[in-house]
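S.K.: Swiss-Prot feature annotations, pasted as is:
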- ALA5, VAL6, HIS7, PHE8, GLY9, GLY10, GLY11, ASN12, ILE13, GLY14, ARG15, GLY16: NAD(+) binding site (BINDING)
- LYS213: active site (ACT_SITE)
Amino acid sequence: MGKKAVHFGGGNIGRGFVGEFLHESGYEVVFVDVMDNVIDALNKHSSYTVTEISEEGEQQKVITNYRAINSKHNLDDVIKEISTADVVTCAVGPNILKFIAPPIAKGIDTRTLSKPLAVIACENAIGATDTLHGFIKENTDEARLPSLYSRAQFANSAIDRIVPTQDLGSGLNVKIEKFYEWVVEKTPFGDVGHPDIKDIHWVDNLEPYIERKLFTVNTGHATAAYYGYSAGKKTIHDALRDDRIRKEVNAALAETSRLIVEKHGISPEEQARYVSSIITRISNPHLEDIVQRVGRAPLRKLSRKERFIGPASQLAERGHTVTALMDAVEQALKFQNVPDDEESFELFKILKENSAADATTKLTGLEKEHPLYSRVLEKVDKVQKETK
């Protein structure tokens, strides 16, 4: 019997990153989604193409050996697939984890295989597998909880690969940058050993990798997007050609680098090289990376542990002054009423209907006692006054 992986999320990251890795590692991939058009297309076509983009050109890979199930209509089939799978992964967005947990919990509970299921969430969030794990426990009978870990093991991961805006009419095919990093903690797998997935970097301590990635790649990418949007730029490449915006992005990453170096013991030289490589990657003219796409979901990106408030709050707690990150927060607060982005409309509503103090806490989760609170409050108040 061959290896099988169940992957929740048939979107570009699911097909173009996680699906590619699983396919190249010899897994049959069962995609699970609620989007009828995605599931129908996956079941209609026996292959799709992943085009890897770099400054040297393009390389194509054909992905086969997959099936797809619509969890909206065929949840029992999803549960059955999980009960006999080797790996479950997901790329659905942190807010959707609570919805995929019940079928995963039921699939785990009905397992009879001797080897535990490996569960790895592939989200742009710190501790996403821990979050999913918590929801799975909530959906598991209390009497079965003591034996849960004989049936499943849960490992956090950090993923890094830019998926630009896709061409109209591309269908299942995905364009994606050639660079990738998928780091997964190996400790949870213990003596059983981690699953055999090609090109994953298995580590004992994930936190330095995930914070370095989130507070460099995601912070830099979003900073460029929000400044670019305010300046009327179309793509991240266009934004970073503007010296003023490039300077602001570098300033924000200088602040996050200070935290990464202090907290995780990464050398300043190594972090500087990492920052330089990130700026080069997100500046790639071959990635048609639209600022509205990168900036979308501002409520999530302004939240407590995310790419701006996460590092800024830790720096403030360490007694450091935070300036560039607060300027980036100001730009993010201006990302309002953007077409096809529900959160940007909600951001406008929150800023309009709440006091600066209430909006600050609602948006960032910061309490008044926190050393960063007053700095964020200033930015919220300023943007509120400018947009009245």
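Including glycine, each Cβ sits where the backbone N, Cα and C put it.
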S.K.: Take the C-alpha atoms of ALA5 (NAD(+) binding site) and LYS213 (active site) and report the distance between them in angstrom, rounded.
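M.R.: Cα of ALA5 (NAD(+) binding site) to Cα of LYS213 (active site) measures 26 Å after rounding.
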S.K.: Across all the protein chains here, work out how many other Cβ atoms are within 10 Å of the Cβ of ARG15 (NAD(+) binding site).
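M.R.: Its Cβ shell of radius 10 Å holds 28 other Cβ atoms.
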S.K.: Let me know the most crowded of the recorded positions, choosing from HIS7, LYS213 and counting other Cβ atoms within 10 Å.
M.R.: HIS7
S.K.: Tell me which of the binding-site residues ALA5, ILE13 sits in the most Cβ-dense spot, judged by other Cβ atoms within 10 Å.
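M.R.: When each Cβ's neighbours within 10 Å are tallied, ALA5 tops the list.
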S.K.: Hey, how far is GLY11 (NAD(+) binding site) from the residue listed as 'active site', Cα to Cα, in Å?
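M.R.: The separation of the Cα atoms works out to 21 Å.
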S.K.: Check each residue in the chain of GLY9 (NAD(+) binding site) that is at least six apart in sequence and keep those whose C-beta is under 8 Å from its C-beta; list them in sequence order.
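M.R.: The list for GLY9 (NAD(+) binding site) reads VAL18, PHE31, VAL32, ASP33, CYS90, ALA91, VAL92, GLY93, given in order along the sequence.
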S.K.: Can you tell me the CA-to-CA distance separating HIS7 (NAD(+) binding site) and LYS213 (active site), as a whole number of Å?
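M.R.: Given the Cα positions, HIS7 (NAD(+) binding site) is 23 Å from LYS213 (active site).
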S.K.: Determine, to the nearest whole angstrom, how far the Cα atom of ARG15 (NAD(+) binding site) is from the Cα atom of LYS213 (active site).
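M.R.: Each residue's Cα considered, ARG15 (NAD(+) binding site) and LYS213 (active site) end up 21 Å apart.
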S.K.: Using C-alpha atoms only, work out the spacing between the residue listed as 'active site' and ILE13 (NAD(+) binding site) and round it to an integer in Å.
M.R.: 16
S.K.: DSSP three-state call for LYS213 (active site): helix, strand or coil?
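M.R.: Assignment for LYS213 (active site) reads helix.
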